[in-house]
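Novice: What Swiss-Prot records for G121, T122, G123, T124, G125, D144, W172, N188 is S-adenosyl-L-methionine binding site, and it gives sequence analysis as the kind of evidence. If you look up Swiss-Prot, you'll see N188, P189, P190, Y191 marked as substrate binding site.
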Amino acid sequence: MSLSIEALLKRSIQSLTLEGSDSPQVDAAVLLCHVLDKPRSYLLTWPEKIVSDEELGNFNALLERRLAGEPIAYIVGYREFWSLPLKVSPTTLIPRPDTERLVEVALDHLTPNAQSILDLGTGTGAIALAIASEMPTLNVIGVDYQDDAVELAKGNAKINHINNVEFRQGSWFEPISLSDKFDIIVSNPPYIDGNDPHLSEGDVRFEPQTALVAEQNGFSDLIHIMQHGREYLLNGGWLMMEHGFEQGEQLRHFFEEHGYINVKTEQDYAGNDRVTLGQWVVDN
């Protein structure tokens, strides 16, 4: 059966729409570009081009995976974040646009003489690499508990030719020496309650639960980082963490309980509480 690019896109968009995809046009285009190994502009320039039988078979196989709910990023193996192409795998969370807000907040709070940033739970390396790409004189360290994630992040650094970042394996601060002090510590840790019904919906069904779910109503890892972060921050340094849209008020309270000052919450692009930060200052 011969199909043009235009006809194949139209048919697949209809199928994706019926299955409830919230971005059927984008999904279909990304999958077809991946199969054809062509940029998006190619689909617009050559809509009448006939797709080969082999290409059609490959496309239909990927489309079936998407129709079953598998995230596009896992199907094609990459996701763009902060304009950086990043390889992803089912061992890591898929980088999301909302997390770019954490990168923006970190960059906004860097002083001219800042030297080091620590990213905890780095996953694909998205946050660490985004910051490192903007500030090539900074030393950036990313930490993840999963060996596979650390190797993936290292690969993403090579792909993007970013040399001022280092990735280490370990649980939170475990691979960091107490003699190491940072201007800023950032993290997008697990913060979802295990009973949250959203865990059975959408892309998160396919993502590693260990990177999503935390005890104490989703606060356990946030609190752990807050407690121990004080030991690794320079005087006047900032801790900033991404969290759920309903956790901002409680998290500000926890920050203040732990002695941080200038505590505030920043909103994401949809106006929801997304990043809470506090400054650690020691009186001499």
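Cβ coordinates come from backbone N, Cα and C, glycine included.
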Novice: Tell me which residues of the chain lie with their Cβ under 8 angstroms from that of T122 (S-adenosyl-L-methionine binding site), as long as they are six or more apart in sequence?
Specialist: A128, G142, V143, D144, A149, V150, A153, F167
Novice: Rounded to a whole angstrom, what is the largest C-alpha distance between any two of the residues G121, T122, G123, T124, G125, D144, W172, N188 that the record assigns to S-adenosyl-L-methionine?
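Specialist: Farthest Cα pair among residues binding S-adenosyl-L-methionine: 15 Å.
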Novice: How big is the Cα-to-Cα gap, in Å, between P189 (substrate binding site) and G121 (S-adenosyl-L-methionine binding site)?
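Specialist: Distance (Cα to Cα, whole Å): 6 Å.
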Novice: Just going by other Cβ atoms within 10 Å, which of the binding-site residues T124, N188 has the emptiest spot?
Specialist: N188
Novice: Do me a favour and check the Cα-Cα span between P190 (substrate binding site) and T124 (S-adenosyl-L-methionine binding site); whole Å is fine.
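Specialist: Spelling it out, the Cα of P190 (substrate binding site) and the Cα of T124 (S-adenosyl-L-methionine binding site) are 15 Å apart.
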Novice: Looking only at Cβ atoms, how many others are within 10 Å of the one on D144 (S-adenosyl-L-methionine binding site)?
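Specialist: The answer is 29 other Cβ atoms.
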Novice: Counting across all protein chains shown, how many other Cβ atoms sit within 10 Å of the Cβ of G123 (S-adenosyl-L-methionine binding site)?
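Specialist: Result for G123 (S-adenosyl-L-methionine binding site): 28 neighbouring Cβ atoms inside 10 Å.
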Novice: Any idea what DSSP makes of W172 (S-adenosyl-L-methionine binding site), helix, strand or coil?
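Specialist: Note: W172 (S-adenosyl-L-methionine binding site) is coil by DSSP, not helix or strand.
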Novice: Tell me which of the binding-site residues G121, G125, P189, P190 sits in the most Cβ-dense spot, judged by other Cβ atoms within 10 Å.
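Specialist: Going through G121, G125, P189, P190 one by one, the largest Cβ count within 10 Å is at G125.
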Novice: Under DSSP, is D144 (S-adenosyl-L-methionine binding site) part of a helix or a strand, or is it coil?
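Specialist: Its secondary structure by DSSP: strand.
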Novice: If you skip the near sequence neighbours and keep only those at least six away, which residues in the chain come within under 8 angstroms of W172 (S-adenosyl-L-methionine binding site), Cβ to Cβ?
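Specialist: Set apart from W172 (S-adenosyl-L-methionine binding site) by at least 6 residues yet with Cβ under 8 Å, we have L120, G121, V143, Y145, D221, H224, I225, H228.
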